[in-house]
2 protein chains.
Amino acid sequence: MDSITVTLGERSYPITIAAGLFSNPASFMPLQRGDLAMLVTNDTLASLYLEPVRSVLEQAGVIVDQVILPDGEQHKSLAVLDQVFTALLQKPHGRDTTLIALGGGVIGDLVGFAAASYQRGVRFIQAPTTLLSQVDSSVGGKTAVNHPLGKNMIGAFYQPASVVIDIDSLKTLPANELASGLAEVIKYGIILDYDFFVWLEDHLDELLSLDPGALAYCIRRCCELKAQVVAADEREHGLRALLNLGHTYGHAIETHMGYGNWLHGEAVAAGMVMAANAARRLGQFSDEDLARTRKLLLRAGLPVSGPEQMAPEDYLPHMMRDKKVLSGKLRLVLPLGLGSAEVRTGIENNIVLASIADCQD
Amino acid sequence: MDSITVTLGERSYPITIAAGLFSNPASFMPLQRGDLAMLVTNDTLASLYLEPVRSVLEQAGVIVDQVILPDGEQHKSLAVLDQVFTALLQKPHGRDTTLIALGGGVIGDLVGFAAASYQRGVRFIQAPTTLLSQVDSSVGGKTAVNHPLGKNMIGAFYQPASVVIDIDSLKTLPANELASGLAEVIKYGIILDYDFFVWLEDHLDELLSLDPGALAYCIRRCCELKAQVVAADEREHGLRALLNLGHTYGHAIETHMGYGNWLHGEAVAAGMVMAANAARRLGQFSDEDLARTRKLLLRAGLPVSGPEQMAPEDYLPHMMRDKKVLSGKLRLVLPLGLGSAEVRTGIENNIVLASIADCQD
């Protein structure tokens, strides 16, 4: 059983990674006999994991309440958040309750915000069931719900008491969602760790066939890398921005195509190739590194170019609305070879347009 | 111009107290020329203060947006909170915006929570306009909205960037709301500061006639006392509980009578006399101190007994639902003479009943 610690002073917490954790009562520490917990999941996952997790907790003497939310990004709303508060108050749950988020990024973000704001903050355990949420949203403390006028606009920085990653949950994950998670995995190699990039080149097939040892190492390494970044920059003033490699291009694809048509990781994969092309044109990324990046993404089943119906000019208006734009000039995360990256300011539009066109040849 | 600092490490902030602050652009520091701000108030206060404050900010070069909410505790809800988010996103306001809460406790609590959660936290300035909010909610960082199943159940601990207390705003406050604020003022003397209690005995008439010097000293002293308590115990694990003197009895009155029929301070005043009687029966509060407490509250125009229609037995079920109840025995804040208090556990019901009956003679 792998375990790492996210170091944030008195808000430090452990991430445990192994197969079979959802069948082991010890996984859900610090819950103890006699504690009250609220298990929150969505209607898709409920049929797969709700009863097993509930029964394991009850065997350990935890009093388990539950609420099942509708599945999907469109339900990451204040109205659905209120359903969680209503369920908590109906029992009622006191300040000493624990919320357990059993699901992917939507459940994790929403339940995390519910935990941050119920009675001004209660304990929160994350049990992420998608590769994307395991390597991304389980570290960093970003919680949120969407508003009709903007994604993730209402939320809090709030850390869980622990994160429980049962690798077996990936067995029920659709292939395109596994690939979407791999885009974020590959991102960590590009921006922070050349050795991990090489490891991914060597072990991608094992990850795709859900080899437990390879998955455990991979998820652990991503969590370690993100934990280092977050410990150094919890509120995203500097270093943490590197985690957005490919995201400015990717958000343009997601927004233009309508949420749900391109998975987040698919859009980020295409966006990383575009960023790599921009870096190549600025003389800081070699043709060879670009070829290796493209090859690894393709092997993972990910796109290396944007949607055919989007011209380079279609990206710019979306990209200019990015939070990183300053005085009308783009700021982009660009790789500096494999294993390091920088935030670069004042990039001319013609470089951006060319970096997108490069992917359409 | 009086100014004190609430000391909370990097979240420390100033409270400025004087007449005429709302007419002085320097009051709303750290806002600067070119900053964007969202001024939030209610429809009662809007006709009194919105235009003057807006025009002073605009003179100082601040870009001012505004949202006017319905007045009243019943509007301290998630739905009204969402109105603030919608207004912020329509402009749109970015992470560098500043929310200004212009109003009493309802506005302060709701806008504080909006600031805590909009884009995971933006800057927040409090301009409290009631004596109660000036001496109570402007220090401590408690923000919240109500849920139909419970008061203040959804919120955050979030500190303002500054608090601006314009004493002139009390000129438009109804007399019973001024008295309600004085109940909390007198509470600080009883639980923490005998000298301040004596000062109140000597200067109450000046406070009632809104003498600016007396008001400024009084508000400053209350903020100092609360700031000391909060700095020592931000998350209410110990010392901060003393601030609840009279509140367990008082909440029983408010709940039994229906919110709005007894003002919060009125219920707390009666509750403090009941707590003083319980302390007297337990041998830790003298008849003389009780008489001085009753006399000061009466001079302030406050009740020293509960509603005639409530029998002592009517209090207990409400009091047993208090968050401080442990294993079926009440915990109460009790005075230890004038100027100090303690949280006392395991108080028998017959003492509680007698302490209420004492006030009905």
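Here the Cβ of each residue, glycine as well, is placed from N, Cα and C on the backbone.
Binding site for Zn(2+) per TrEMBL: B:H247, B:H264, plus B:E184 from the candidate set B:E184, B:E313, B:E342, B:E348.
For the Zn(2+) site, the Cβ centre of B:E184, B:H247, B:H264 serves as reference, and the other residues of the chain with Cβ at most 8 Å from it are B:L132, B:D136, B:S180, B:A183, B:K187, B:G246, B:G250, B:G265, B:A267, B:V268.
Sorting each residue of the domain '3-dehydroquinate synthase N-terminal' (B:67-179) by its DSSP state yields 47 helix, 35 strand, 31 coil. A count of other CB atoms within 10 A of each Cβ picks out B:D109 as the most crowded of the binding-site residues B:E73, B:D109. Residue pair B:H247 (Zn(2+) binding site) / B:K151 (NAD(+) binding site) shows a Cα separation of 14 Å. Here the Cβ of B:E184 (Zn(2+) binding site) has 25 other Cβ atoms within 10 Å, regardless of which shown protein chain they belong to. Candidate binding-site residues: B:H75, B:K151, B:H247, B:H264. Fewest other C-beta atoms within 10 angstroms, B:K151.
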